[in-house]
Amino acid sequence: MQEHLVVTLDGKDYLVEPGTNLLEFIKSQDTFVPSICYNESMGPIQTCDTCTVEIDGKIERSCSTVIDRPMTVNTVNNDVKDAQKEALDRILEKHMLYCTVCDYNNGDCEIHNTMDAWGLQHQTYEYKEKPYEKDYGPFYRYDPNQCILCGRCVEACQDIELNETIRIDWDREHPRVIWDNDVPINESSCVSCGQCATVCPCNAMMEVNMEGNAGYMTDTEPGSLAAMIDLTKKAEPGYGPLFAISDSEAEMRKERIKKTKTVCTYCGVGCSFEVWTKDREILKVQPSHDSPANKIATCVKGKFSWGHINSDQRLTKPLVRKNGEFHEVEWDEALNVIADNFTSIKEKHGPDALSFISSSKATNEESYLMQKLARQVIGTNNVDNCSRYCQAPATKGLFRTVGHGGDSGSIEDLEKAAMSVLIGTNTAEAHPVIASRMKRAQKLFGQKIHVFDIRKHEMAERADRFYQPKPGTDLAWLSAVTKYIIDHDLHDKAFIEEWVEDFDEYYKSLETFTMAFAEEATGIPEAELIKFAEECAKAESVVICWAMGITQQDIGSDSSTAISNLLLVTGNYRRPGTGAYPLRGHNNVQGCSDIGSMPDKITGYQSIEADDIRAKFEKEYGVKLNPKAGKDNHEMVEGIHDGQIHSLYLYGEDTGIVDSNINFVQAAFEKLDFMVVQDEFLTFTATYADVVLPASPSLEKDGTFTNTERRIQRLYQALKPLGDSKPDWKIFQAIANKLSFDWNYKHPSEIMDEIARLTPLYAGVSYERLEGFNSLQWPVHPDGTDEPILYLEGFNFDNGKAKLFPLSFDNYFKQDEVYDIHVNNGRLLEHFHEGNMTYQTPMLKYKVPRAFVEISPELAEDRGIHEGAEVKLISETGEAVLQVHVTDRVKGKEIYIPLNNDAMENGDLGAINLLTNSDVDQYTDTPSYKRTSCRMEVITKRGKSPLNPNNFRVNKKRHPQYSVQVQKKWERPDYVFPGNQVDK
């Protein structure tokens, strides 16, 4: 095979690797070629024709040319320049240049920059207005009269995000971008990911918040704006002066528009991007090709849900309860109240009478200081975080089998896999950017997707095969599939021999897991499971993703273990496109656990009960540490009821809504002697507190987050804290110092340096190595090298071998005669968790105003109810009143309740956890949220739908196609390739 090819570029020879994109190669040599429709994250679209060059004497598009032979390329001769000018003129026929008074004139308009760099002075074809008005969606708008039909938005929607809503209607007299079958944006299947606005090269597709806000002269009335445009064009005889003026105005904007790199504060994908702010106003969020987890992708929350930052419900002063009511006080008074109460409770009841709950929304550095406050200052290990509610069982299963509690590869590996298996994960709504990667791999590259879930969500609809097991029975089919693979000699014997131990004992434990047994337990036909087993064993590479549908069961740890067992038996670790992916739910739930906010583990999962580990931290902290493991979240609540816990300090966590059996939890709060809540808002939980401290959200501080793929990323402060609110790390430091300790951190980087000193998993992490969009995936070695794929040098056990873990199953699902309905629950795309942050963005509240219950058509018919009916759901622990949405996403007596009940407005009204019980996974104390049953009472039989009629779930269908279908443009009678117009 030839290693390099000779490419002669403008008279100079280069050695180039075969398969290189010609346009990318030309750019790499600092040679300018216009390329308006090309985007490095999307590849060639071939609509603009501006990138024409001469290849071996023929004018061709460089963007779609792959270097597969020696070639001679010319970018500067007259024929090339004539072809390029023709293409540029055609663009200006569709797009009016009024840069100085355009909101997009911020230095990154690709039409402006291309025309300027090319040196275009006059356009040949007069601009032609099109017979269309602007179309406004909730978050972005489309201006057909500025659209050049480059098709980037179509490519992004169809083949990057895979929402499959946008296309270009090439058959019109005046082609334009349309949504679905030509409906307004707000009536379409659009999910508002915003990627169309991200990739648009001009002002045709733009964020609503930008319009009238970005420029010095763009906030005028439309008529005045048009007059200014005409005046500007008349005053400037050539584009050179126009560009000079607009460039000066763009430079002025830099003084007031700040662009700050940050990391999304919602789910665990870890999307990074620049946030554009003007004073405190958030204009837009702009991801980058350099964003390591997401590239140019976003979801509706990361792109648009920032209303919480400037919400009028933000806390700006500390609150102290006096005579039963909250009063605003200065910081010193609030800190004194906390210090006095902590001291008196510790003196009276001992340090273990105090407890601390850390936040998965806060930074690594802040989570570290919370556990340090508990352990060093107070002397207790009663510290935990919300991974207890969701991810602890997955971590347990991985610790048992492979030794690290995190994703075994990167998000890229989810794209590379030949087969993806999704179990108990509503990925398209809970981790939408990850789902897009998988949807793309399936659509464009043939990845096979298998989904096991009790509910038919989007990924189930798209799956090559969809299986619906009975609730809580996944362990049965996982183990039966593994047994079948071994029984039929389909297991990876070489991998097992070299890298796995305990095979014989494990195989014996599978004796009862026959396919017949699995069919009886799960309801999945034996033939389907056999076919799956054979496909899984024979696939070149397999990844398994799972989430709360697995972990929030009373056998969550064992089911997670069964997943890893299957991967080991089939040899699906230690290679690209393979491995275990417990998709983390919060932006920093991985990091919060990594960094030691756990009752039995300090940083890097080092045991607090190990003498040598404690000795290391005692030397750093200057105190003796408590050698006894503390209480987890579940045990804290029980400890309050039992009189063992007298104080609770939690931050960034609405425990009174999100914990299971919240009637029991709220009753515990009322028994506390002293409670501190630290948050952006006066949350439902905060209403029980004695002191409420105003905390700053992510845009108001520096720090790091660790995402689901173990990726550590920096976020930078974009705004000053609102009012007297403070970053959490500063609050913890102030409390520690009030309690006579001498914490003196000047910046979160100093906290990370301390973490790195104490934590082998983070040993090489530093802010310098995380500068900008740089990132590291733990374990990070002292020299700064990291491990995007785990276990390449062996598994995380002393002998380097993984361990197969024997399991048993007796967790049969049984329908209760009284509580005859099974209650499933989870996230919606538009909201996050209880919705405290997302409901502060009005258009998200408009899309999904309140919580509701999904009911199957057959259950609705059985109970005589219709869309919008009001029902009371009653379980053994409580009751909730909700409106009904009838949908075939659920079947039979399965119902689904989203987590978001807008608790700050509604309290616990309609909260799912009024129905859940206190049962837990025996190994991790994770509540079995998904193991809930209820009965139903009908209040009204029909009513107004709980969903906005413009919500994409309401009778909206996707319209998939491949790319922009540029061949339809080329087939139009009015199209001629510019290269063919060049007079030879």
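Heads up, residue numbers simply count up from 1 along the chain you see.
For all residues, glycine too, the Cβ spot is worked out from N, Cα and C.
What Swiss-Prot records for the [4Fe-4S] cluster 2 site is Cys147, Cys150, Cys153, and among Cys63, Cys99, Cys200 the residue it adds there is Cys200. [4Fe-4S] cluster 3 binds Cys190, Cys193, Cys196 as Swiss-Prot records it, and from the list Cys157, Cys202 the residue named for this site is Cys157.
Cβ contacts within 10 Å of Cys157 ([4Fe-4S] cluster 3 binding site), excluding its own Cβ and spanning all protein chains shown: 28.
Checking each of the binding-site residues Cys99, Cys150, Cys153 against Cys51 ([2Fe-2S] cluster binding site) by C-alpha distance, the shortest gap belongs to Cys150.
Across 3-79, 138-165, 181-211, the stretch most heavily in contact with the domain '4Fe-4S Mo/W bis-MGD-type' (257-313), judged by Cβ pairs under 8 Å, is 181-211.
A Cβ within 8 Å of the Cβ centre of His95, Cys99, Cys102, Cys109, the residues given for [4Fe-4S] cluster 1, is found for these other residues of the same chain: Leu97, Tyr98, Tyr104, Asn105, Ile111, His112, Gln146, Cys202, Asn203, Ser246. Within 10 Å of Cys150 ([4Fe-4S] cluster 2 binding site), counting CA to CA, the binding-site residues Cys37, Cys264, Cys267, Cys271, Cys299 contribute Cys37. Listed binding-site residues near Cys299 ([4Fe-4S] cluster 4 binding site): Cys193 (candidates Cys63, His95, Cys147, Cys193; Cα-Cα distance within 10 Å). Outside the domain '4Fe-4S ferredoxin-type 1' (138-165), and at least 6 residues removed from its termini, the chain residues within Cβ reach (under 8 Å) are 36-37, 39, 41-42, 45, 47-48, 91, 94-96, 111, 129-130, 132, 175-177, 179-180, 185-186, 188-208, 211, 296-297, 300, 303-304, 435-436, 439-440, 443-444, 843, 846-847, 958-964, 966, 969.
Neighbouring residues of the recorded [4Fe-4S] cluster 2 site, listed in sequence order and excluding Cys147, Cys150, Cys153, Cys200, comprise Ile148, Leu149, Gly151, Arg152, Val154, Val177, Cys196, Val199, Pro201, Cys202, Ala204, Met205 (Cβ within 8 Å of the Cβ centroid). Rounded to a whole number, the distance between the Cα atoms of Cys109 ([4Fe-4S] cluster 1 binding site) and Cys193 ([4Fe-4S] cluster 3 binding site) is 21 Å. Sorted by the number of other CB atoms within 10 A, the binding-site residues Cys51, Cys109, Cys193 start with Cys109, the lowest.
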